[in-house]
Amino acid sequence: MDLCLLMLGVFCIAALLACFITPPIRKLAWTLGVVDKPSKRRINKKPIARLGGVALFVGLVASLALYFVVRDKNGGLFDKNVNFYLLSLAFLIIFATGLIDDFISLKPLQKLLGQVVAACLAAAAGLVIGKVADPLNSGSFISLGLLAYPATVIYLVAWTNIINLIDGLDGLAAGVSCIAAATMFILSIWAHRLDAAALSLAIAGSTLGFLVHNFYPARIFMGDSGALTLGFALGTVSLLSVTRIAGLTTIIVPLVVAGIPIIDTFSAIVRRTRAHVSFATADRGHIHHRLMAAGYNQRQAVLFIYAWTGLLCIGSLVMTQVNALPRIAIFMMLLAMSAVFAKHLHLFEPVLLHHTDPGTGEDELITPTDPEFQDEIEQLHEREHERVEEFEEAAGIRRSNATKNTSRAGRETNKIDKED
């Protein structure tokens, strides 16, 4: 089969399957009760089915199955250093982890365990970078040695979570993943990595087909089964696009492509560190929350992030085609532009500032400055008031008991005096 037709087939199968299988999956989600209900932290105003990740996964699997069949007839298409059967098992585990979370809401550590297991299998399958370019000595490389495997696992787990963190508006995670995958397809073709190109097209096709139902106003959400799978898949593509010996450009470019999710994740870590709360604590300080607080509606916020992502992706493509100095200049320009956006949106400022009292371990509200979270502030004050009432009630009971004990002691003393 002609290579162009094969790639087109991978894309079309992924897109069509994801598009046409989503409506029945949406009905199934409603039947099973797997829906996202409105809450103060969520944007949706009505319950929305959240099993869209199943459609994305089916599109990925079916389109890549075609590629595997062709691979058997044309053995030179796939990377011989990668065990794709073991890699497929890793994808199954990451999808299952997200799917279980969609049904029963796993604890953060349980979800992390599934991600680590999947990443370990991917590393065992051959997705390991053994050496990286030495930035201080041109032409030489630094061997990672025993650190190669744990570094790969951390890298894949990070990728798995960055898409999940931006999945907050209709069509946002799917659209950003589609743009990133399309960019990685071009990079993979330029690097003659056909396996990475096929997976990139499968991701782009499935997300594009899913966007028909997920773009504003969304009729279904991808859920964790979709977000975790997409993040893991994009991380896999970035590793498939390089050899075991990676230059700085081949490492940095995928990170630029995923610049928006990475900025959002990093800013969330900074915010929660400054607020003295756990990294797993959800807030409304993500990029899409800040854009909506600035007056954008859902559609405008999503399109703004699409444009920002597209600009970073164009920059990453140009970076691979120029010499070292222009490459550094482009990278610094993209970094500066993103930093300006981040500062303008106040991404690194905590939503609510907290101070942990070392004596009690309780969080105290310090500066509740964001009007978007007045409800949360009032709830915090209500909880403080309830704790005061409970304390006063307990103190009243103790005072009552003390009075009773004093009266009893007095009566006993009087009785003794009379007997004497």
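Glycine is treated like the rest: Cβ placed from N, Cα and C.
The transmembrane segment annotation in TrEMBL covers 6-26 (among others). Away from its own ends, the transmembrane segment (6-26) comes close to residues 49, 51-52, 54-56, 58-60, 62-64, 66-67, 70, 197-198, 201-210, 212-213, 219-220 of its chain (Cβ-Cβ under 8 Å, at least six residues beyond either end).
Taken from TrEMBL, the feature transmembrane segment applies to 47-70 (among others).
Residues annotated as transmembrane segment in TrEMBL: 82-100 (among others). Counting only same-chain residues 6+ beyond the ends of the transmembrane segment (82-100), those with a CB under 8 A from a CB of the stretch are 53-54, 57, 60, 68, 106, 111, 114-115, 117-119, 121-122, 124-127, 160, 195, 223-229, 232-233, 236, 240.
Sequence annotations record features per position, and here TrEMBL assigns transmembrane segment to 112-133 (among others).
Sequence-distant contacts of the transmembrane segment (139-159) (same chain, at least 6 residues past either end, Cβ-Cβ under 8 Å): 112, 115-116, 118-120, 122-123, 127-133, 231-232, 234-236, 238-239, 245, 258, 265. Per TrEMBL, transmembrane segment is recorded for 139-159 (among others).
Taking a C-beta cut-off of under 8 Å and a sequence gap of six or more, Asn164 (Mg(2+) binding site) has these contacts in its own chain: Ala173, Asp224, Ala227, Leu228, Gly231. According to TrEMBL, the Mg(2+) binding site annotation covers Asn164, Asp224.
According to TrEMBL, the transmembrane segment annotation covers 171-191 (among others).
Residues annotated as transmembrane segment in TrEMBL: 197-216 (among others).
The transmembrane segment annotation in TrEMBL covers 251-270 (among others). Listed by sequence, the residues of this chain that lie at least six past the ends of the transmembrane segment (251-270) yet keep a Cβ under 8 A from its Cβ atoms are 129, 132, 158-159, 161-163, 165-166, 176, 180, 183-184, 187, 231, 234, 237-238, 241-242, 279, 283, 285-287, 305, 308-309, 312-313, 315-316, 319-320, 331, 334, 338, 342, 347-348.
Annotation comment: TrEMBL describes 301-318 (among others) as transmembrane segment.
Sequence annotations record features per position, and here TrEMBL assigns region 'Disordered' to 391-420.
Residues or ranges marked as compositional bias 'Basic and acidic residues' by TrEMBL: 409-420.
The transmembrane segment (47-70) shares the most Cβ pairs under 8 Å with 197-216, out of the stretches 171-191, 197-216, 301-318. Among residues of the same chain six or more beyond the transmembrane segment (171-191), those with a C-beta under 8 A of the stretch's C-beta atoms are 56, 163-164, 197, 200-201, 203-204, 207-208, 210-211, 214-216, 218, 222, 226-227, 230, 234, 237-238, 240-242, 250, 253-254, 257-258, 260-261, 288, 301-302, 305-306, 309-310, 313, 316-317, 320. Using a Cβ-Cβ cut-off under 8 Å and counting only residues 6 or more beyond its ends in the same chain, the transmembrane segment (301-318) has close neighbours at 166, 169-172, 175-176, 179-180, 182-183, 186-187, 215-216, 253-254, 256-257, 259-260, 287-288, 291-292, 330-331, 333-334, 337-338, 341.
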